[in-house]
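Q: One structure coming up, written as structure tokens, with questions to follow.
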Amino acid sequence: MEVHNSLHCTAPVLSSLQASASGSGTPKKTAASSAAAQNSKQLLDQLSQQQKAQEEAETHSRRDCDSPASSNSEPEKDLDELRDLNGSLTGSGSVGKSNGSLSGASSTTSAPAGTSTPGSANTNGSASGAASLSVVSATAHLKKRITSSRTPTRKAHRIKFYRNGDRFYPGITIPVSNERYRSFESLYEDLTRLLEENVKIPGAVRTIYDMVGKKITALEELEDGQSYVCSCNNENFKKVDYNTSSQPLANLTLANNSRTSSHRLAKLQRPASPLKNGVPNSIAPVPVGGGAAANGSPLNTSRFSERDSVVHPRIVTLIRNGTKPRRIIRLLLNKRNSPSFDHVLTAITQVVRLDTGYVRKVFTLSGVSVLQLSDFFGSDDVFFAYGTERVNTVDDFKLESEEQRAINAIRKTLRTAGTACKGPKPKMPVKSKKAYPPGELKAQAEAQLQASAAPANEDEEQAALLKSTGVEVAELPAAIRDNYTLSQIIGDGNFAIVLKIKDRQTGIPHALKIIDKSKCKGKEHYIDAEVRVMKKLHHPHIISLIMDVDQDTNMYLVLEYVSGGDLFDAITQVTRFSESQSRIMIRHLGSAMSYLHSMGIVHRDIKPENLLVELDDFGNVVQLKLADFGLACEVTEPLYAVCGTPTYVAPEILLEVGYGLKIDVWAAGIILYILLCGFPPFVAPDNQQEPLFDAIISGVYEFPDPYWSDIGDGVRDLIANMLQSDPDVRFTSEDILDHYWTMGNEEIGCGDYSR
């Protein structure tokens, strides 16, 4: 049965009321019948409008809809109810449909003329009144049904999304339909916003995969009740066991006023370091949603406080149960993958890949069973991983010579015991005035040695540098010339010079960087990238960009001014810093890097020359800021360009196997080493490039006495984890901030690596 585009009433639907009006002549009954007829007419008009709206929606929308039969049956049911009511009112009636029109006729057998009696009149009047009330009541009921959503539209799919590669994130569920999202871009934007509220992501969502890694290219491919994986910055699909058992799909909502406990839990399991945004360590991080008070669970409070007091970033060595010699793997544990004992077992399962499946039992090297979270962060750093198989306590805990050699090789760079330094004290590299872009790093050769010759008169050198730029005061942009006064040159590089300037109104000093475009032909994209990146950055430990003016010959950048100069000069003056001073600087540097990396930006040229410091009256460093973003870029895939400064370059850059954000952590580890002893961990005779690169690739270095004899094990452990040759187990920037030495909690300790 089909309802067509319009509904036309060709005859009075309630003709019985008209017939009774002529037969009885009762005014009361006539009025009631007229009201009922009017209500019925209004009802039919609304049904007609509803049907027209339905057809328009079907014409303009080519989407999957609810069953037409079920949708069309609703108006038919309404008409049937109306017919029944009319029939009960008149005793007989019909409502017919033909060619999209409704026709109705009814007749009433009334008393012959002149035989009307008071009794019959009362009966007819009461019947008519009751029928009228029934029609009015039915009309009101049907109006409610009409106002409800009966227009067939596509039902929104409830779809769960996971973060790519994150096996601990419980996922987030949203309704998806073509009405809600007109394009993939709008869905990407919404997913980016929602994921940022629950978990740290490296950038915007750019790709969606199904659970087997197939790329989704259209909204129609998303199926109701299914789960999908969101990928940021076009990263490849990571096949892991996603947390599909965290909560039933039907129970998850996105209502802002009813966030589920799993969402709060997801954020609590990934606490941002209190140092990440420059907040002092003394200020305890406040859990999202009010912490324990928000979820009302003292158990959660105790569990997370235990994690915060026990868990600190560290690398553990895992021996996979199997045929000897057994496979040995390293794993980085931190607050993001180790919020609980079960999470650690899951992380171990992913890397050891037992034939029997999930890791069920873990033992220390001495055969002691690991039963709680704190056992992974004690003095032991080597563990045996077992599934459901039986443990042979006699043979399994004995290491073969090949296994022992492999573990000793891993521990070699984790030794805290100093070795005597042979020969003279190594020297700091000569201060570099330039960062070497791709293709120029290895061609540097011995230019740094020659640069150590005494310069000419400083004033003459500055005048020559200023003249070499071809910039006259009159040529400066009006926005700079009218608002600032020029002062001395405070720095120079390969493509630019930096002058100190002052605001004419406030007297506040700033730095003016003048980039000569003629000196960087073919490298203009580095200038554009520097400006583009700096415009995005707002952090207390990153130099701020105040103004940029682009002209045909030069690019002008007005930057924040830091009075203490760069860290290289500070190291030259004091040779080495105390642990407390070094802690302040690595906190600030780690905070800046963590901020950059959270935005998917890698600096690629972190070195003392690009770190500016503020000093107090006693010459102590009170603040450090990261500067010079000439090589910075956004990471959307592995990078291969060989660039940076030789002393601070990471091994994966030299090996040209692809690198990412963690090259900045390596450079920061080199700097921390230098701060404490006055020379870098990797040196070569006469600063020769190839031997230096070979030493970096080997990853072997020492903490030689007497230069390290008074330096504690905590900072050595941090350096060892920052200078891991394998990027997968190297600390992240947040791990630097979470390390017990950085936080000043050295009583926690991290085990003895001297054995």
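The backbone N, Cα and C atoms fix where each Cβ goes, glycine too.
Per Swiss-Prot, active site, proton acceptor is recorded for Asp605, and the stated evidence type is similarity to another entry. Annotation comment: Swiss-Prot describes Ile490, Gly491, Asp492, Gly493, Asn494, Phe495, Ala496, Ile497, Val498, Lys513 as ATP binding site. The annotation compositional bias 'Low complexity' is assigned in Swiss-Prot to 18-52, 100-128. The compositional bias 'Basic and acidic residues' annotation in Swiss-Prot covers 53-66, 74-84. The compositional bias 'Polar residues' annotation in Swiss-Prot covers 87-99. Residues or ranges marked as domain 'Doublecortin 1' by Swiss-Prot on the basis of sequence analysis: 157-243. The annotation domain 'Doublecortin 2' is assigned in Swiss-Prot to 314-397 on the grounds of sequence analysis. Residues or ranges marked as domain 'Protein kinase' by Swiss-Prot: 484-742. Look at Swiss-Prot and you will find 18-128 tagged as region 'Disordered'.
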Q: Tell me the Cβ neighbour count for Asn494 (ATP binding site), meaning other Cβ atoms within 10 Å of its Cβ, over all protein chains shown.
A: 16
Q: Would you mind giving the whole-number mean pLDDT across the domain 'Protein kinase' (484-742)?
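A: Value for the domain 'Protein kinase' (484-742), mean pLDDT as a whole number: 90.
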Q: Let me check the 10 A CB neighbour count of Asp605 (active site, proton acceptor). How many other CB atoms are there?
A: 25
Q: Around the Cβ of Ile490 (ATP binding site), how many other Cβ atoms lie within 10 Å? Please give the count over every shown protein chain.
A: 18
Q: Give me the long-range Cβ neighbours of Ala496 (ATP binding site): same chain, 6+ apart, Cβ under 8 Å, in sequence order.
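A: Set apart from Ala496 (ATP binding site) by at least 6 residues yet with Cβ under 8 Å, we have Lys513, Ile514, Ile515, Asp516.
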Q: Taking the Cβ of Val498 (ATP binding site) as reference, which residues of that chain separated by at least 6 in sequence fall under 8 Å from it?
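A: For Val498 (ATP binding site), the qualifying residues are Ile489, Ile490, Gly491, Asp492, Ala511, Leu512, Lys513, Ile514, Leu559.
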Q: Could you state the whole-number distance in Å separating the C-alpha atoms of Asn494 (ATP binding site) and Asp605 (active site, proton acceptor)?
A: 14
Q: Return one of helix, strand or coil for Asp492 (ATP binding site), based on DSSP.
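A: In the DSSP reduction, Asp492 (ATP binding site) maps to strand.
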Q: Give the maximum pairwise CA distance in Å, whole number, for the residues Ile490, Gly491, Asp492, Gly493, Asn494, Phe495, Ala496, Ile497, Val498, Lys513 listed as binding ATP.
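A: Farthest-apart Cα atoms in Ile490, Gly491, Asp492, Gly493, Asn494, Phe495, Ala496, Ile497, Val498, Lys513 are separated by 15 Å.
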Q: Please work out the number of neighbouring Cβ atoms within 10 Å of the Cβ of Asp492 (ATP binding site), leaving out its own Cβ.
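A: There are 19 such Cβ atoms around Asp492 (ATP binding site).
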Q: Helix, strand or coil by DSSP: which one applies to Val498 (ATP binding site)?
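A: It is in a strand.
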